[in-house]
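Okay, structure first, notes after.
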Amino acid sequence: VSTITFDVGSATISKYTTFLESLRNQAKDPSLKCYGIPMLPNTNPNPKYLLVELNAKLSSGEVKSITLMLRRHNLYVMGYSDPYDNKCRYHIFKDISSTTERKDVETTLCPNASSRVSKNISYDSSYPALENKAGRSRSQVQLGIQILNSDIGKISGVKSFTDKTEAEFLLVAIQMVSEATRFKYIENQVKTNFNRAFYPNAKVLNLEETWGKISMAIHGAKNGAFSKPLELQNADGSKWIVLRVDEIKPDVALLKYVSGSCQAT
């Protein structure tokens, strides 16, 4: 399993770009493309998982780190680890329910059996579950490099923290890592607002919820036209009707796996 590292504490726009590009390259199936957009692999790829190490720098100069574990075929975050008390502490989402997968998370995040300790996440990985614990919806949770940096500092190596603190960190990390890897539009929102905190707009939130639908539509398009119009949202929340691949292609970096052939170019 490969680890992609991102130094949040010394991040620049170009370093963030490079980070997302390497994540996309590690995640995608090298042989699958629709209309020039790379696609993620089917459900059982090798390697199956990806690790993303995020390093924060606190105002004291101290470096704190958190490693996220992602399912390669859909970029869902399964859990994370942090160094705690000279051990590797791992945290697994409640909805990772199969014993095999839980074991995988544990051994992939913390390979050394003699120095690992568990601190489970008591809720599911879905946005509604995370928003519930954070006490507000994603539209009210600010994103940004400084926020990600300080959120890591509130959790990494810290003995105890609330579900709220943890869920806020996860909402920020999932959107700035997984969602930005899937969507160029979300990557560009982070870059446009790089040195300030920002609230995700309606288009960001809508893309996050329609990735599967968008992937299916692009995969099924004939000569660049969708079989039926795709109803999405603009940044201001107004209706955005998409009829052709070209109209949404600039916003999409990776397609979710869809079986069967598609037009490659």
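Note: Cβ is positioned from N, Cα and C throughout, glycine not excepted.
Per Swiss-Prot, these features apply:
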| type | residues | note |
| --- | --- | --- |
| DISULFID | C34-C262 | disulfide bond |
| DISULFID | C88-C110 | disulfide bond |
| CARBOHYD | N120 | N-linked glycosylation site |
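Features recorded in Swiss-Prot, as mapped to the structure shown.
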residue	record	DSSP (3 states)
C34	disulfide bond	strand
C88	disulfide bond	strand
C110	disulfide bond	coil
N120	N-linked glycosylation site	coil
C262	disulfide bond	coil
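Cβ neighbours of C262 (disulfide bond) (same chain, under 8 Å, six or more residues apart in sequence): C34, Y35, I218, H219, G220, A221. The disulfide-bonded residues considered are C34, C110; of these, C110 has the fewest other C-beta atoms within 10 angstroms of its C-beta. Spatially close to C88 (disulfide bond) yet at least six residues away along the chain are S81, L109, C110, N112, S115, R116, V117, judged by Cβ distances under 8 angstroms. Long-range Cβ contacts of N120 (N-linked glycosylation site) within its own chain (separation 6+, distance under 8 Å): H91, I92, K94.
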